[in-house]
Structures are given as C-alpha cells and as structure tokens.
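**Student:** Structure in structure tokens, see below.
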C-alpha cells in the first residue's frame, strides 16, 4: 500500500465509495459556482466590485497524484486503493480576482461543493496584472463611439461610425517611467479601431494613426492621440467568407473524401481519460493554457507493463512581437496566454471541418468575470488520423527470384484545440504515435495584422516599411511567433537527466588499439556525451550545432545496458529571438533566446513570463528562475521548448493566411528493447497485398 493511504483509517467507508472527479479533472460548472460563492462570501476581500480573472484547478501535490495514478497493487486491490486515494486528495481552485485596485490570490477548497471554503488569501505586490477578461474588453470597445475626439477623427476620414469596430491591445512594458503620469503602474490598455463595412475582415481596414488608452479598472478613456492619417484600405478583396471570394468552387478542386472506420473508433474516453493503442493519458482544460495533457503512459508489450512518459504538459505562453517601432505599433508584443488566455479564446470546433467525422469532443468550462461558469462545448477534439503515412516498411530484393515487401500503415491519435486570440488562429495538436512518440504541431492561419499606408505599389517603398505591401494601402508588418511548451517529463519515473549527444568531427589518425591506421578514410564523426549538471547546462540553441538532445532515466537501463530515454527532435520552426537583450519586450520574454530550457520541477513554475503577464517586467519567469542555476542531474526535471517562426508576410497570406505549420517530437530512444510496433497488425482497409510479404512471380 502506497504512503498516501496511511491515513485511510480516518476515512469512512461511505466516503470511500463516493463519486469524485479525477484529481486532475478541470473544475466543473458546479465547482466553479462553489468557488464563486466562497470568494464572494469571504471577509478576506471585502472590496467591491470584485471581478474574476482566473479560476483554475490548483492540482494536488505531484507525489500524491503519482501515488493515486501509479500506486502499488493490481486489479481490484489497485482500484480500491485509487478510490481511497481520491477521497484523500484535496480538490482546490486557484483564483485571481481584482477588487479595490488590487490583484488577490485565493485558494478555495471545493472538495465538498456544497460547503466550499477559502483556505488562503494574498495580495499580489509585484509587477504585472492578471488576464484581461472578455467582459471588460467588450465594455472597453463600447467606449469610443461616444468619445467626441474619436468621433471627430472618424468623421475627418470619411468613415461611417456604424462600420467601426475596436479591439483591446495590451500595452506591454517599457520601463518604470513609461506609464503616463508616473507613480504606480495603472491597469491600462490601448484601443485601436477598424472599419468593417462590406467585409468581415475588419483587421484589413485599420484606422491608422489613432490610439486610445483605456483605464480598465475605471473603464474610461484616459488618453487619446490622432497622430497621422492614412487612407483606410478598401474592402474589396478582403473578405474570406464562402460566397464573398468569387464564384463558388472556382478553379480545380480536389475530390471529396471521408474517413470510414468500419469497426468504429479505436480509442476510448472515460471521463477525461483517453486510451488508445497502448497509450493512456488525461485531457484537461485551463482558461489560460487551453489543453492540458497529464499522466501520459504507454504499455510496453514486450515488458508487459505500463511505463510513464509525461506527467503534465501544456502551452505555457505564445509571444508575438511586431517589428514596427512607430507609436501605434511599438507596444504590440503580445503574450497571448498570459494577457488574453488561450482557453478563453478557444471557440467551438466545427465537426467535419476543424476535426474529421470520426472525432469525439470534450468540453471546457471557465469562469466569467462575474465568477459564474461559462459553457464551453466542443473545445477539444480527439480523432484517429489516417493520412497514408508509413509506420515502417522494407522491400528486400536480395533473394534470387523473390521480392519481399513489408509495409505497415501509420495511424496516429490527435488531440486538437483551435485558439483564435484576435486576428490569428492557432491549431494546436498533440499527436500520439504507436511507436511511442508524441508529436507537437502548431499550425498558424487566420488574418494578418496590417497597417494602413499611402503606398499602393512596391516601387513606392524607398525606406524600411517594416512589412510587405500585400494590397493597396495595406502593409503586413513583420513579426514573430514563439509558442513555449511546459513539459514535465517523467521517463520511467521522476529521476531524469538531460543529455546532449554532440556530433563531433574527427580526423582518422588510426586506432592504436586495433591498428586501424592504414585505411584511406580521412575523417568521421563520433558522439561526445554531455550530461547537464545545472540549469545553465540545460539552455540550448538547437541551431548552434548537430546534437541529439535526450531525457534519460539513469536508474533504468535496457537489457543491453543503455539508459532508457526520449529524445527531442525539432522539425522546423526553430527560430530564436533576434531582439536586443535590453529591449523591453525581450526582457519580458527573455526565454525566447534559446529554444530549450531545463529546470527542476517546481509546482508554481508554470508560466514562462510569470503568473502576472500583463505589463510584466521579466523579473518573474523562466529566465529569472533559471538564474538560480539549480541542479538538474538525476532530478525531477521539466523541459521548456519554444517553437519559433519569423514571419515575413507575402501576398498569398492575404486576405486570409494558408496554414503554416511547425513542430517537434519526443521520440523513444532506448526506451524499448526493440521496435515497439514490430508486431503491429496490418490495417484491413489497405488489403493484404499492400502490407504482407509478397513474392514476385
């Protein structure tokens, strides 16, 4: 019996059989309602109004979750132990709320949703503010039409106010004295406005040169500037909706297709637990991170046991800095997760379009600004992908008068969310493979953020325009996308090490032991193994030189004596930031200078730019934590991987951008004794001749 269960004698038999959620399940609507009631009833935060900016699961301590998930025993004994453990694990929520001009952190016990209680309360005293709520953004963008200076600016440009739409943009951080009026930083945002009119693509029609500042706590416009007027780009050719882009189905079209699974889906979903082809993992939802994958393990058929790979993983941040330094653009350096919330901007997936017909769907609920639960249907989809790829194959022509061909089709399981924080859409895929690999794919699409200009032809551009002319009076500004993942790897257990197998060139000077100096070969390469001792050793620029990056369990070895592990394989999109180290946006997202960081596990260290990202200063976050240079050898370690893209827009990206993808893979490396899918069965839909040994006649 595992340690967590030593206290079971104090638990009644009735409690042991009660129905409780998985320890990592996201908060349910009932629990969110209970959290709201507890916070509003607490005397610890008497100020009103009180607004909820983040409500999420405060997951139990990792050792206790591991005991619940992987504790000793089998069959009935283990199931009974898990029921006992479930009743002992706390069920808590982390709340970040605003009241009285302060950010409050509360932890709320919702183990019994009928009688929730506030366990702790603290006031955030450092830099930064919590996520912007959807409701306050909607309230802010309703202000400009009634603001006389803005009405004058719109009138001078010949624009109908009824066609105007506005959006809220975080102000970033540009030093202690950057805030208007000095003193303590105020919770403000910029507002920019656009013209819709005859198009749904209002981002393509900015009212360039006009900037408003709104105080979000007071909900009032506190700053206004109309600096310069450029023509508002025309609406023609900007709409992306079916029927608005020209004749339907113009040009050559691919034939329609459909996924058919004659035996039904190959995966099973039990609550939030997904099981497929040996994989088992938990799917969660968070209003900041979006999809959260936990407790991913795979069944090793040869060993006859289930083996751990990943404890918990999610997108920690999405950093998008634009490259125009003028007044209306310099601050556009978005931290989409920490400023907007990825889960807040995950909208219902469209069956048959966002996800194929064989997909299943999971919901994701979050707390609105008033603390009440907001429904989130179809936020995550799960489906098997049949893409015509090959899992493994070989054709052997070495036998006289015989041709042997063996092919196995590659089928993968995809967990997908689509996030649309403003103009861009991010398709975020977790792809589980029968080989034991996990692929992470980020696909960008949606609308470019453009600048109004007087240019109508590229020949007119004689200076740095900071972007590409994609239409008349329309510049698409250069920018970056950095998607940072937090991946708490537990390769066969929590004690892991980070290893760099560096490819090193050598001259062939002979081997004095074997006497191999007489061959004409002049060079070769070999591997120099470097085990990272501290966090400084765990920071890697993957483009600096050839190396395999491995996460190994030094306490577990294969039958042949190799350390079991997984290796990190970047697959494109490896850009790192080229901004100056002292530039303010770079200080806030300093972790984007390297694609790889490795830190020891610490429960509070989840968000790469820190817990409070809006107007953050870089003093709390991944780079700041890593300055402690803690030990990471044979420890419980976390991989932070940043997928990066420098985006130079082109005309094909306008008015809507075709999907552009990048990613990386975690691939078994001496984790199994041999190819784990050697005995993979052939897919019946491909027919025996395509997958089995064939003799040429």
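From the backbone N, Cα and C atoms, a Cβ is placed for every residue, glycine too.
Okay, these came from TrEMBL:
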- 336: active site, proton acceptor (ACT_SITE)
- 424: active site, schiff-base intermediate with substrate (ACT_SITE)
- 22-114: domain 'Copper amine oxidase N2-terminal' (DOMAIN)
- 130-233: domain 'Copper amine oxidase N3-terminal' (DOMAIN)
- 259-677: domain 'Copper amine oxidase catalytic' (DOMAIN)
- 424: 2',4',5'-topaquinone (MOD_RES)
- 1-18: signal peptide (SIGNAL)
**Student:** List the Cα distance (Å, whole number) between the residue listed as 'active site, proton acceptor' and the residue listed as 'active site, schiff-base intermediate with substrate'.
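**Tutor:** With the alpha carbons as reference points, the distance is 10 Å.
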**Student:** What counts of helix, strand and coil residues does DSSP assign across the domain 'Copper amine oxidase N3-terminal' (130-233)?
**Tutor:** 26 helix, 29 strand, 49 coil
**Student:** Does anything in the same chain, at least 6 positions from residue 424 (active site, schiff-base intermediate with substrate), have a Cβ under 8 Å from its Cβ, and if so what?
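**Tutor:** Result: 320, 444, 445, 446, 447, 481.
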**Student:** Around residue 336 (active site, proton acceptor), how many other C-beta atoms are within 10 angstroms of its C-beta?
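**Tutor:** Within a 10 Å radius of the Cβ of residue 336 (active site, proton acceptor) lie 24 other Cβ atoms.
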**Student:** Can you count helix, strand and coil residues in the domain 'Copper amine oxidase N2-terminal' (22-114) using DSSP?
**Tutor:** 36 helix, 24 strand, 33 coil
**Student:** What average pLDDT is reported by the model for the domain 'Copper amine oxidase N2-terminal' (22-114)?
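**Tutor:** Overall, the domain 'Copper amine oxidase N2-terminal' (22-114) comes to a mean pLDDT of 90.
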